[in-house]
Structure formats: structure tokens, C-alpha cells
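TrEMBL has this to say about the protein:
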- 1-478: domain 'Major facilitator superfamily (MFS) profile' (DOMAIN)
- 166-202: region 'Disordered' (REGION)
- 23-41: transmembrane segment (TRANSMEM)
- 53-71: transmembrane segment (TRANSMEM)
- 77-98: transmembrane segment (TRANSMEM)
- 110-129: transmembrane segment (TRANSMEM)
- 141-160: transmembrane segment (TRANSMEM)
- 298-319: transmembrane segment (TRANSMEM)
- 331-350: transmembrane segment (TRANSMEM)
- 362-383: transmembrane segment (TRANSMEM)
- 389-411: transmembrane segment (TRANSMEM)
- 423-445: transmembrane segment (TRANSMEM)
- 451-475: transmembrane segment (TRANSMEM)
Amino acid sequence: MTYSFGVFYAEFLTYFDEGKGKTAWIVSILVGVTLSSGPISSSFVNRWGCQKVTIAGALLSAICVIASAFAGNVLTLIFTIGVGTGLGFGLIYLPAIVSVTVWFERYRSLATGIAVCGSGLGTFLFAPITSSLISNYGWRGAMAIIGALILNCIPLGLMFKAVPESPKTPASEPMLIKSKKSPLKRSQSSENVARANGKNEENDVARLTLSQPALNKPSDLKHQSHSRHGSGIMLRPDVLYQGSMTSLARFRGTSPERVVLREPSEEPVQRCGWLPCSEEFKAALSEMLDISLLIDPIFILFSLSNFLTSIGFYIPYVYTVPMSEKLGIANPAYLISIIGASNLVGRIILGYISDKPWVNRLLAYNLCLTIAGISTGLAMACWEFWGLALYATTFGFTIGAYVGLTSVVLVDLLGIEKLTNAFGLLLLFQGIASLIGPPFAGWLYDQLNSYAPGFYVAAGTISLSGLILFLIPVIEKRNNRTRWNQETVMEEI
């Protein structure tokens, strides 16, 4: 629904006769709330598990979408679709990813690629379906029908099978780390890294972080009992990692046997008002929102790139249909379908090849973003359906890297232990950036009576987001050189 919202957007412009900038706030807030609610959703999953959180999200979003069918103005839609549905979608999205990653190790990249390509398939199908529903039942009837379709997420959520529990390992076997104040004890010394990996490579020492105790395999860990009070699933540092665990060993020098599962609290659940405040609830929320990573220059650069991508990411989804209608192109909703279909293919292919040893994942990520941005700018030279269809194919395929490769690139750059923290902060940045792009592009149209400036903004921000990441290898080399100089001085002393 989110990616095909451009069909509704064009209808809202005609029906409510509001400015394009104001109307675009509906989808911007929808996306912003969906992404920004990631840390909250993470805490809920940690407390209640994927099934219950998904069902709650499906009920909330379905009710809000159906209520939107009775909206009398854009402001009402901003609250019902933007805030209410956005929060509901946020409660659905994270459990859908987590419920897949906890079951797969070797083929995790392929499994998550298949899972997330559902959004591409949905975009491919929903754009023409939405257009047909509006033609036959009006936008109110279409909204009510789509709200009813969202209820299908309830039985689908019930199919999210939890990892089976088994008796905990005796305390004499140090497989789990339990700490109330510090969720995980870390060591970044080169000595510990060398001992853990059986080697002491400069690049691994530079970025890798490992826990001190010897740990068991993730295949064993995933069968451990988490907590009698909550699922504790978000305490796994690899839970948001969408790549293969075997590729993690190959790219980072980290053995899958070293992945840590932190033990949730067994204390009675405390409450802060109506919210649970158990140790695992607070641990998941605090780790995703820990701002200590903001002093890392590589994470700062990657966050800036993500912020720029998010500004331009939704502009083609929202404005391709109304722009095509202005050009007199028939069936413009099919262009959104083409983006969805190529995005589906792109996510699967990019996810598959990202696990190959000969692929530089950061380079592939950078190139895809740069190409996606450049193609968006060139699309303004297209005046016919087939030219825009070529753009839609290129954009959909290459922008798939933004969704599919973010977590694996983060692990390559920061290490598996920092993934949850980094991903949580990125969700907040993406949510804020999503509030900027579509309304700003709509405001530009209101001022200049042209969609081209908005697409040029998207082209510039997405291209720049890819280009600046080419600086990361330079920063890494500088950090390695500085670290080597410091170690040399220490040895001389």
C-alpha cells in the first residue's frame, strides 16, 4: 500500500483540491511513523513475541485504513493513514523480518530476500488493483476494501512460528552472558580478536568486536529458552542481520560459533504506566537508541548517506503517477507496477550475489544508489510510456540494494555486535528524512507548476548518498594507519 500510494495521491489531489505539498504529508507521515516506530516495535517483540505484535499491528492498521474511507479532509487522512496506519505497519514490518532471520543461518540471505521481495510483489499487484478499485468503487470504497485486505495479516502473523524452547544450559557452561546493567561485555583488543579467529589481520582488528567468553553455535543458541516473561528475541545481536552467517565468517573473519545470545532477565515484569518495563524491554529499546555510535566517523557517513537516500526514495513512488497523467500517458499505474517487479528481482539477485566471496558489497551498494539517482534525473527527458518504463525498471532494480544490503554492509563496516544499535538509529534517521522528501517535492510543484524539480531533488540526494560512501575505504585506511602508528609507539615504549 505504501509504495503504490501514488495512485491514491493523484485521487486525493482531485477530490480535496488541496496543495500537492500538503497532500504529500499523508504518505510522508505514514512512512516516517512506520520507520521511526522500529525501536518501539523491537521492544514489543522482545516482550510479547512476533505473533502478538504482528496481530496488533494488523488490527490497528486495518481499523485506521477503513476509518480513512470516511475522512472529510486531508488533515483527517494525515492522522488515520499517516499516524495510525504508520504505527500499525511498523508493528508488522519488524516482526516479519525477525521471524525469518531467527530460523536461518546458512541460507538467511536467500530466505530474507524472498521474504522482503513481498513488498516488490505487492507494489507490482497493488498499483493496478488500486487503480481498478478506485475506478469501480471510488477512493472511499477502495480504501475500505484495502483495509479489509490488511486483516489477512492476522492469520499470516499466526503462522510466525516461535523458536522452540529447551532447558537452559547448566550454569557451569558459559554459553550465555547475563548482566543487569551491561547487556554485553565487549572487548576490542587485537589479542582477543586474534585468539577468537585464529589470526590477526589488520582489517579485522580495526573494526571487529567480539565478546570475551567462548560461546556456542547459533544453531544451539536459537533453541535456548529466552525468558519466562518475554521472547527476548531482540537480544540476539544477529537478529537484524539479513546475510548468511557463513558469509559473515568469510567477510568479517568472524566464526558463526561466536555469535552471542544475551540472556533476558528473569525478574518479574515491572510496569511504567501501561507499558511493561522488564529488563529485556528496556535493553532492546536502549540498545537501538544508544547514541554512542554517533562518534564513529564511518557510521556518521553511512547515516548521512541513508538520510539522503530516504529524502529522495519515495518521491518516484508518489509522483510518477500524477506526473505521467500530466504528460497524457495512459495507465500510469503500470509504471509503479514495473518499479515493484524490478525491485522484487533486484532484491533477490543482489541478496544472492552479496554472499559471494568475489563481491565487494559496499561497492555494489554504492554503485546501485548512484545509478538509481542518475536514472531518476534522466527520467525527466522521457515523455512517453516506454521511456519511463525503462527508468522504472532501472530505478526499481538498483534501489533494491538500499533495502536489501543495508544490514550486511553495516556488519561489514561496524561488526555484528553493533548491528542492532546502528539499525535502530538508522530507522530514526530514515523516518525523519521521509518526512522531508515528498512534501518538499509537492511544494516545489505548487511553486513552479512542474514535477521535474522534485525528481531532480530525488536524483541529487540519492546519487550523492552513493557517491559519498566511496570515502569509507579512505577513512578505514586512515584509521588503520593511525592504529598501526599507535601500536608501534607502544611497542617501542
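Including glycine, each Cβ sits where the backbone N, Cα and C put it.
Between the transmembrane segment (423-445) and the transmembrane segment (23-41), three or more CB pairs separated by 6 or more residues in sequence fall under 8 Å, so the two stretches touch. Of the recorded ranges 53-71, 110-129, 298-319, 389-411, the transmembrane segment (331-350) has the largest number of C-beta contacts under 8 angstroms with 110-129. The stretches the transmembrane segment (23-41) and the transmembrane segment (141-160) are not in mutual contact, being linked by fewer than three Cβ pairs under 8 Å (pairs 6 or more apart in sequence). Fewer than three CB pairs closer than 8 A are found between the transmembrane segment (110-129) and the transmembrane segment (298-319), and contact between the two stretches is not assigned (pairs 6 or more residues apart). Confidence for the domain 'Major facilitator superfamily (MFS) profile' (1-478), expressed as mean pLDDT, is 78.
Here the transmembrane segment (389-411) lies next to the transmembrane segment (298-319) in space: the count of CB pairs under 8 Å, restricted to residues six or more apart, reaches at least 3. Where the transmembrane segment (362-383) meets the stretches 141-160, 298-319, 451-475, the count of C-beta pairs under 8 angstroms peaks at 451-475. Within the chain carrying the transmembrane segment (141-160), a Cβ under 8 angstroms from the stretch's Cβ atoms is held by residues 1, 8, 50-51, 54-55, 57-59, 61-66, 68-69, 92, 95-96, 99, 130, 133-134, all 6 or more beyond its ends.
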